[in-house]
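Participant: Below is the structure I would like to discuss, written out as structure tokens.
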Amino acid sequence: MARAKLPRSPSEGKAGPGDTPAGAAAPEEPHGLSPLLPARGGGSVGSDVGQRVQVEFYVNENTFKERLKLFFIKNQRSSLRIRLFNFSLKLLTCLLYIVRVLLDNPDQGIGCWGCTKYNYTFNGSSSEFHWAPILWVERKMALWVIQVIVATISFLETMLIIYLSYKGNIWEQIFHVSFVLEMINTLPFIITVFWPPLRNLFIPVFLNCWLAKHALENMINDFHRAILRTQSAMFNQVLILFCTLLCLVFTGTCGIQHLERAGGNLNLLTSFYFCIVTFSTVGFGDVTPKIWPSQLLVVILICVTLVVLPLQFEELVYLWMERQKSGGNYSRHRARTEKHVVLCVSSLKIDLLMDFLNEFYAHPRLQDYYVVILCPSEMDVQVRRVLQIPLWSQRVIYLQGSALKDQDLMRAKMDNGEACFILSSRNEVDRTAADHQTILRAWAVKDFAPNCPLYVQILKPENKFHVKFADHVVCEEECKYAMLALNCICPATSTLITLLVHTSRGQEGQESPEQWQRTYGRCSGNEVYHIRMGDSKFFREYEGKSFTYAAFHAHKKYGVCLIGLKREENKSILLNPGPRHILAASDTCFYINITKEENSAFIFKQEEKQKRRGLAGQALYEGPSRLPVHSIIASMGTVAMDLQNTDCRPSQGGSGGDGTKLTLPTENGSGSRRPSIAPVLELADSSALLPCDLLSDQSEDEVTPSDDEGLSVVEYVKGYPPNSPYIGSSPTLCHLLPVKAPFCCLRLDKGCKHNSYEDAKAYGFKNKLIIVSAETAGNGLYNFIVPLRAYYRSRRELNPIVLLLDNKPDHHFLEAICCFPMVYYMEGSVDNLDSLLQCGIIYADNLVVVDKESTMSAEEDYMADAKTIVNVQTMFRLFPSLSITTELTHPSNMRFMQFRAKDSYSLALSKLEKQERENGSNLAFMFRLPFAAGRVFSISMLDTLLYQSFVKDYMITITRLLLGLDTTPGSGYLCAMKVTEDDLWIRTYGRLFQKLCSSSAEIPIGIYRTECHVFSEPHDVRAQSQISVNMEDCEDTREAKGPWGTRAASGSGSTHGRHGGSADPVEHPLLRRKSLQWARKLSRKSTKQAGKAPVATDWITQQRLSLYRRSERQELSELVKNRMKHLGLPTTGYEDVANLTASDVMNRVNLGYLQDEMNDHHQNTLSYVLINPPPDTRLEPNDIVYLIRSDPLAHVASSSQSRKSSCSNKLSSCNPETRDETQL
């Protein structure tokens, strides 16, 4: 606060340096000195004290008028009391008027006070009447005294308020309606005190009802101000409307009753009846006014009603519509008695809303929760339509408001909420701005309700550290890039994670005639659950045993997959901590199963029967989801996993459990080189543990790197990346270059002074490329590189990474990636064939197309993916053998990936998707072939990860561990292993589980299966829209069906998958011959149907022609070769043809000159993911098994020797693709 500078006193000005100041004689400070006026710097202390002046503030409020104004008007609570008193006074006057009417008797005579009374009678046949009954009434003395006192008080209060609220215009206040009514109802009573004959004068005191209405409105406003309630307009308007109706009826009743004293002499009840009948427009006519004054009053009342009420109703309807838009309030009473969560979003779309509601209410214990949506924008038509459905209208409340306003947070009762979900708007053009809004919302909620759990979704990883205080945070770009990276080495990781984080009962596809759809849908119901080991029926018998032992036997006995645990004293979750980890009763176990153990029932009747027969019992599990019984007895002479033919011996050092170990016999037969499956030990045996998968005894020479390759391998070192592109990235041990690569060497297509390479072939990579197409090199792209360069990946199997960027990366990003080996970038786009060829697409195994930020929003809904879909379709037809993973903005657009207009199988899947959506499935899109195969992904599918964390607070941590975003010491990592024909002696998934647990302590969690299908176009309307023929079906083999309908493939049989063999069906004469045989059989069946033979014949002809049509594919190959030569790329062995421009090639593809869609290799196979399949699931060639491999650095000192010897026995790499060394 500014203060005036005090002038020097004359004595101070004359005093010299050595003089004593005049103020020294008064050293005491004056009482009440303002602390805002410190002592001046000049002179002595005594002089400063003498010059100080006491300043008193707000002296204007000390006047009598201001004090009265503060009490009557300004102060909320005191003014509320005054208005309440005034309201009570007006009601009292109305009550006294009614008492006066009831006590009045016109038959006793009418006249002034103290005068002679006369009786007046009304002649109904005449229109004349007397005014005396209207002017004079009978008023008792006591009643008159009370009315005079009340009128005097009201008059004085009115005069005081007029004085206090005077603003310079007295006439405006005098002619105000309320002042006029006050004078009419109070001043006559005061006059009667001085003029007694007027004491019986009629005074319309009933008009005080309007003053009472006005006082009530002011009182409610003050009350709302006192309790800080601002959202009360709707309540006020309803109250005003009700009071207006009441005042109109009361005024009409009293007015007609009084005027009819000179006419029909009606009582109050009859007058009230007449008013109600008249205002309701019924008008029976049994009671009517007799004289013209009362008739005139009725007309005036009707006119006033016709004017006032429509205005009131209009205001009420307007406020009602505004309230419908804003959503009203969530009452404090409901917030205290009910449970609710708040969803904060920038804009609410129907897809986001349904994903949230379906996932949130999929959990049984959340059925009684309410969802309060706080959104600043108006509710759109689709959302409004959904929220009107009874299923959601009773549980979802939409409030229009901002999370930055405390008033809106109060409306949502955020401080009473069970949780607050804050979601970013991913479809914004400026995603950084969207993150900033999310951060502010999170801060506002934390400030307003610090105890409310926060679940925050952030887009950019560099913004994540701003919301680290939140209970759960999901960074979209971190998860997206890590998942797309794992898709390249563990196929369909995106599908695996998506299915795990969606709540499902595994009932999808169970009505389908296709076996793979039933199995795939059943396994999709597996989720991650947790339970304390001491409370678990699944795991408590394994206390004191190794983690691997418990995982294998729990899967064998109950069909559950134990994937990790958490120590009671440690907050870190460990995935597959390895066989050296001994389970304790206090451990929290995390497992994959159809449903949680608490909802499972255990049936042991069959086990008791087997025990009576002398056989080793097998526990059966039959949960509420009807999980089939797991039969784990192997057949056909192979080594059995049960205890039927094994020797039992006491366990060594094991406590609890069954006290036995498996001692499995060796395989019979001469010339067999397959080892038997060793038992899983209760306690770890360091000498027997190998850190890699040992499904076959490959020779050491097969995996020993050559000398040339060994030189390149030695160049890499293990360490932590020195430069993180953003704050908050988890440190991960990676393969690094000993010396950072210069920025110029990171450019793939341009040589520099360090090397002259200008294309991918010149580098001579040993492994095939992984190409990532992105618009910009954002910080999230760093998380694509880290999982592919993690220390636990084999150095021999590191794939070169090429970043195909639309815009040049900045130096900050290059500084972060220059330490990684074989990471390059190139400027270009996926819609440019030259760019694709220059970055080495013909030498690549995987192409990842990342959704572009600039195209995430479109004027028309769901059109944001149009460009991406068309570009990927072009590449799909140009390079059919390339594995392309595409990110889309909208999951519903995945049906356009690898689109084939005449594919009846896709049409059948579309019908199945609609059926599942009608059944209320959260995974209706799961049967789309691109999604099942892991070739398409949308980050919105991972929104459920944040929602599911409300019930499972560990899901985000487990997902980040699986994706390699976080590394916890002692925790395992996700990898994959390919099953070849040489490994089919294992036969079943359960035996594979035992093999992996006993040899390398790896935990399998699922299978990625690829099957060969011949897609047809049936013409029987009663038949399904697809006919699938497996290779085994073509060979007319009869295979045993398991409980889940899985095929029992023979060891010599092969299933044509997309990971093996050529993409050209010409090279498979057996497939072609069998397909034609199948077509002829189908043709013979079709001829039995009358009227359909010509159609079937045309269709068979078309199929035959499509099997032999290869000219278009050859033409496309020539076009691509020609573009390579034009760009100066190596084309050894290609014929010289005339050059064509890149646009010519693209146009010829898009115009449909290539007609051989039905023969492409990708289109003859389908792939899908089986999460935690039953133990008796048969393995098939080209199956890829998802593994959680234990941390290689967990026990380096004790296992370094065994790891050195294990390298020669590794079956195959974690990379699911063929890892043959190829010199490009």
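Glycine residues also receive a Cβ, built from the backbone N, Cα and C atoms like all the rest.
Reproduced below are the annotations present in Swiss-Prot:
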type: TOPO_DOM; residues: 1-79; note: topological domain 'Cytoplasmic'
type: COMPBIAS; residues: 13-27; note: compositional bias 'Low complexity'
type: TRANSMEM; residues: 80-112; note: transmembrane segment
type: TRANSMEM; residues: 140-164; note: transmembrane segment
type: TOPO_DOM; residues: 165-178; note: topological domain 'Cytoplasmic'
type: TRANSMEM; residues: 179-194; note: transmembrane segment
type: TRANSMEM; residues: 202-219; note: transmembrane segment
type: TOPO_DOM; residues: 220-232; note: topological domain 'Cytoplasmic'
type: TRANSMEM; residues: 233-260; note: transmembrane segment
type: BINDING; residues: Val282, Gly283; note: K(+) 1 binding site
type: TRANSMEM; residues: 291-324; note: transmembrane segment
type: TOPO_DOM; residues: 325-1224; note: topological domain 'Cytoplasmic'
type: BINDING; residues: Leu499, His502, Ser524, Asn526; note: Na(+) 1 binding site
type: COMPBIAS; residues: 663-673; note: compositional bias 'Polar residues'
type: BINDING; residues: Cys744, Cys745, Cys752, His754; note: Zn(2+) binding site
type: BINDING; residues: Arg747, Lys750, Asn755, Tyr757, Tyr763; note: K(+) 3 binding site
type: DOMAIN; residues: 767-907; note: domain 'RCK N-terminal 2'
type: COMPBIAS; residues: 1045-1055; note: compositional bias 'Low complexity'
type: COMPBIAS; residues: 1198-1215; note: compositional bias 'Low complexity'
Participant: So what's near the transmembrane segment (179-194) in sequence-distant terms, Cβ-Cβ under 8 Å and 6+ beyond its ends?
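Facilitator: The answer is 93, 144, 147-148, 151-152, 154-155, 158, 162, 173, 201, 203-205, 207-208, 210-211.
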Participant: With Cβ distances under 8 Å as the criterion, find the stretch in 80-112, 140-164, 202-219, 291-324 that has the most pairs with the transmembrane segment (233-260).
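Facilitator: Answer is 291-324, with the largest number of Cβ pairs below 8 Å.
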Participant: Name the range, of those listed as 140-164, 202-219, 291-324, that has the largest tally of Cβ pairs under 8 Å with the transmembrane segment (80-112).
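Facilitator: It is 202-219, which has the most Cβ pairs under 8 Å.
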Participant: Could you check which of the binding-site residues (Gly283, Asn526, Cys744) sits closest to Lys750 (K(+) 3 binding site), going Cα to Cα?
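Facilitator: For Lys750 (K(+) 3 binding site), the spatially nearest of the binding-site residues is Cys744.
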Participant: Within 10 Å of the Cβ of Asn755 (K(+) 3 binding site), how many other Cβ atoms are there?
Facilitator: 11
Participant: Give me the Cα-Cα distance between Tyr757 (K(+) 3 binding site) and Leu499 (Na(+) 1 binding site), rounded to a whole Å.
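Facilitator: Cα to Cα, Tyr757 (K(+) 3 binding site) and Leu499 (Na(+) 1 binding site) are separated by 43 Å.
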Participant: Between Ser524, Asn526, which of the binding-site residues has its C-beta surrounded by the fewest other C-beta atoms within 10 Å?
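Facilitator: Selected from the binding-site residues Ser524, Asn526 on minimum Cβ neighbours within 10 Å: Asn526.
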Participant: Far apart in sequence but close in space: which same-chain residues, 6 or more away, have a Cβ under 8 Å from Cys744 (Zn(2+) binding site)?
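Facilitator: Non-local contacts for Cys744 (Zn(2+) binding site): Lys750, Cys752, Lys753, His754.
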Participant: Other than Cys744, Cys745, Cys752, His754 themselves, what residues in this chain have Cβ atoms within 8 Å of the centroid of the Zn(2+) site's Cβ atoms?
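Facilitator: Once Cys744, Cys745, Cys752, His754 are set aside, the remaining close residues are Ala741, Pro742, Phe743, Leu746, Arg747, Gly751, Lys753, Asn755.
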Participant: Enumerate the residues of the same chain, Arg747, Lys750, Asn755, Tyr757, Tyr763 excluded, that satisfy the criterion Cβ within 8 A of the mean position of the Cβ atoms of the recorded K(+) 3 site; list them in sequence order.
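Facilitator: Near the K(+) 3 site, beyond Arg747, Lys750, Asn755, Tyr757, Tyr763, sit Cys745, Leu748, Asp749, Gly751, Cys752, Ser756, Glu758, Ala762, Tyr824.
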Participant: For Val282, Leu499, Cys745, Cys752, listed as binding-site residues, tell me which one has the smallest number of other Cβ atoms within 10 Å.
Facilitator: Val282
Participant: Just to be sure I understand, if DSSP states are collapsed into helix, strand and coil, how many residues of the topological domain 'Cytoplasmic' (165-178) fall in each?
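Facilitator: Looking at the topological domain 'Cytoplasmic' (165-178) with DSSP, the answer is 7 helix, 0 strand, 7 coil.
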Participant: Just give me the nearest neighbour of Gly283 (K(+) 1 binding site) among the binding-site residues Ser524, Arg747, Asn755, Cα to Cα.
Facilitator: Ser524
Participant: In the domain 'RCK N-terminal 2' (767-907), how many residues does DSSP call helix, how many strand, and how many coil?
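Facilitator: Split by secondary structure, the domain 'RCK N-terminal 2' (767-907) comes out as 55 helix, 29 strand, 57 coil.
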Participant: What is the one among the binding-site residues His502, Arg747, Lys750, His754 whose Cβ has the most other Cβ atoms less than or equal to 10 Å away?
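Facilitator: Answer returned by the neighbour count: His502.
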Participant: What number of additional C-beta atoms lies within 10 angstroms of the C-beta atom of Tyr763 (K(+) 3 binding site)?
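Facilitator: Result for Tyr763 (K(+) 3 binding site): 18 neighbouring Cβ atoms inside 10 Å.
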Participant: According to DSSP, folded down to helix, strand and coil, what is Tyr763 (K(+) 3 binding site)?
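Facilitator: The residue in question, Tyr763 (K(+) 3 binding site), is helix (DSSP, three-state).
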Participant: Hey, for the Na(+) 1 site built from Leu499, His502, Ser524, Asn526, who else sits with CB inside 8 A of the CB center?
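Facilitator: Close Cβ neighbours, site residues excluded: Thr498, Leu500, Ser504, Gly506, Cys523, Gly525, Glu527, Leu923, Met926, Ile1171.
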Participant: How would DSSP class Leu499 (Na(+) 1 binding site) in three states?
Facilitator: helix
